[in-house]
Structure formats: structure tokens, C-alpha cells
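J.: Take a look at the following structure, please.
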Amino acid sequence: MDGPRGRSRYSFGRNAALDTFLFTIQGLALFIVFREHVLDVKWISGASMSPYLNKGYNIDNIDSEMVLVDVTYATKLHLRRGMVVVFPTEPSKLSVKRIIALPGDVVTTRPPKSGEGDQKTQIVPWNHVWVEGDATDPDLSFDSNTYGPISMGLIKGQVMCVLRPKWRTLKWWEWENENDLVESGGDYGKSQRMRVKKDAVTVYDPNMT
């Protein structure tokens, strides 16, 4: 027969279990909010950003890297050329590419948009950016040369650093510094920059009257 002491132990155990449950729920909620609005971790696979990311990727070695992504709202408001960003290409699939042109820039496209021996130009419209992979082979990167400029509103965040297999900070601001062969992308990065005429035209918000 349970006395006051037995009921007290039962009540204490029940309260402890409830506290643990609530603490776990709160922790999960904070974790989800942190990943959605502050920092997130993503795995980068494929060859489109190689050799800058997934340097060891090839047919025999399907490499991948873990990266840290800044998903704060402030980052999305201050997009710059050279940034490596994350955005969806399908509802459940994220893509990682480099911003090479901003609104008002004119880009000389590469295949497939340029066609066979016919180079075309594209004006980057208001609130859009032009993104490309760092791979020198156009067939390895599904980017703005296929689907055109992307809306800034689609961008989920900016890749800050590689966490695994080896820590490395991505210095996107050095992309236009040709003395930094790694961050600038070497000869191919130079060829990308040469295809962009910065601030070539003035673009306006189509919603403004």
C-alpha cells in the first residue's frame, strides 16, 4: 500500500520525466531555428565546384566535403561577386555555385546558352544574380548558363568554410585578386571575370512606378 512517501517518489519521477521531455523539445526547436536562421551544415558532392570544392573529385573518387553555411538574413541582403552560395534547383535539392555577376552586369555566356560557336550576352536583371560552377568543363556544371539568372530570394545562404575533411576558410572577397591563385580560380577564374562587364546597364525595380 502506497503511503505519502511512495506518492512523493512517483510524483518526483513523473515531474523529472516531464522536465526532460520539455527540455528535449525546446532543445530541438532551438536547433532547428539555429539551422534555419543562423548557421547550417551541408555536404557538397559532385564536380561542378571542383577544384575549389571537392578538389579530389574524379570518376574513380566520388569525393564530398562538409561545409558551414551562413543563413542569416543579413548575408542574403549583401550578395557580392565571388560568393559561393546555396540555393534550390528543385524543391528537395540544393545547389552550390559562385556568384559571378550582379544586377546590371552583362555576361557573355558559355555553353549551352552560347550555342555552337555563337557567344551570346545576358543582362542580369533587377534582384537577380548570375551563378556558375568553377569547373572548367561546361558539361560538369548545371548553372545560369542553362537556367539563366536566379532570383536573390532563392538564395538560402553563403558557404563560409570547409569543415571536413580539412578545415579551410573560403575567402570569397579574394576572388577578384589574381595574385591569390586558389581563391581567384587561376586562369579559369580570370576567364570568368573577363566574361562579365560590371555595372554595364542600369536596371530598375519593375514594381516601382
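Backbone N, Cα and C atoms are what each Cβ position is placed from, and that goes for glycine too.
Keep in mind that this is a model prediction, so the values were computed, not measured.
From TrEMBL, for reference:
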- Ser48: active site (ACT_SITE)
- Lys97: active site (ACT_SITE)
- 21-109: domain 'Peptidase S26' (DOMAIN)
- 12-34: transmembrane segment (TRANSMEM)
J.: Compute the C-alpha separation of Ser48 (active site) from Lys97 (active site), stating it in Å without decimals.
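T.: Distance (Cα to Cα, whole Å): 8 Å.
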J.: In this structure, which of the active-site residues Ser48, Lys97 has the fewest other Cβ atoms within 10 Å of its Cβ?
T.: Ser48
